[in-house]
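A short write-up of the structure that comes next.
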Amino acid sequence: MTQVFQGRSFLAEKDFTREEFEYLIDFAAHLKDLKKRGIPHHYLEGKNIALLFEKTSTRTRAAFTTAAIDLGAHPEYLGANDIQLGKKESTEDTAKVLGRMFDGIEFRGFSQRMVEELAEFSGVPVWNGLTDEWHPTQMLADYLTVKENFGKLEGLTLVYCGDGRNNVANSLLVAGTLLGVNVHIFSPKELFPAEDIVKLAEGYAKASGAHVLVTDNADEAVKGADVLYTDVWVSMGEEDKFEERVKLLKPYQVNMELVKKADNDNLIFLHCLPAFHDTNTVYGKDVAEKFGVEEMEVTDEVFRSKYARHFDQAENRMHTIKAVMAATLGNLFIPKV
């Protein structure tokens with residue numbers, strides 16, 4: 001009998017039910033425990049996994065690679081210079097070729113349509129490692145981290161600070177409300193989430209008992225916050241907008257003043273990384289020299305504070321990605337959830 005996840009792709013949060021998403025989070029926690037105790041879990045023994053990367057990555061590549069190896073699979077990295085998606089070969093043709101050679105495909109790139117075409121034509125599970133619209137594997141790691149810290153998800157309040165229309169904000173809104181988490185977007189009006197994303201999240205919120213708030217008012221945004229979350233001010237492909245974003249988003253920086261507004265000693269801080277919290281990067285130095293800003297979306301004080309959980313969050317990328325690959329490609333018995 002085919003189990004509920006078998007053969008499915010993982011392209012966007014909206015493709016899964018609340019129960020399915022919760023199952024993947026809990027399954028990831030189980031796999032994390034097995035890893036910590038040194039217990040083998042080779043659910044993908046003999047499988048070959050293609051890792052397609054249009055966009056560069058540290059965490060996503062490392063997480064998929066180690067997760068595949070831990071599961072007994074062989075990962076093969078194909079970077080932007082190795083694949084011809086839509087250039088010399090159509091995505092459809094590439095998908096059909098890769099689907100005959102690999103058992104599963106990860107894609108990290110720009111177009112959501114491209115990852116959907118890979119899933120449509122390859123005949124194997126396809127996992128979205130990030131597109132301009134969605135970042136579903138990040139969400140599993142994020143909400144696993146939240147659950148590890150609070151023991152639950154339902155009824156908590158997560159506040160995202162910064163660019164409210166990027167892929168992380170989209171995914172936090174949809175995944176959070178799906179899971180019963182109140183999601184606040186603290187952003188300038190110019191960068192409020194798209195109306196269709198907000199409406200989608202509001203629909204999930206109505207079903208789960210959560211609520212959605214989109215505001216440019218700091219006091220309103222962080223009231224009752226359990227989680228403060230931020231991301232880089234300039235997404236990949238938007239590097240020419242640094243000056244504009246620095247000026248626009250400086251008031252939305254996560255700093256100790258904002259943390260104190262939440263008035264919650266159990267608050268945690270999350271960041272999907274990389275973070276520009278100092279000048280120890282080329283970008284950091286460049287922004288400091290050009291615009292006089294040494295800390296961008298989060299201050300170094302908060303980044304290194306007792307509230308910070310971003311390195312736990314980064315580790316959880318591996319465990320949650322492992323859960324997705326094992327559930328969709330492994331020959332596991334998973335009853336209907």
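Cβ from N, Cα, C; glycine included.
If you check Swiss-Prot, you get these features:
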- S57, T58, R59, T60, Q84, R108, H135, P136, T137, Q138, C272, L273, R317: carbamoyl phosphate binding site (BINDING)
- N167, D231, S235, M236: L-ornithine binding site (BINDING)
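In sequence order, D132, D163, N166, N167 are the residues near S235 (L-ornithine binding site), counting only same-chain partners six or more apart with C-beta under 8 A.
The CA atom of S57 (carbamoyl phosphate binding site) is located 15 Å away from the CA atom of D231 (L-ornithine binding site).
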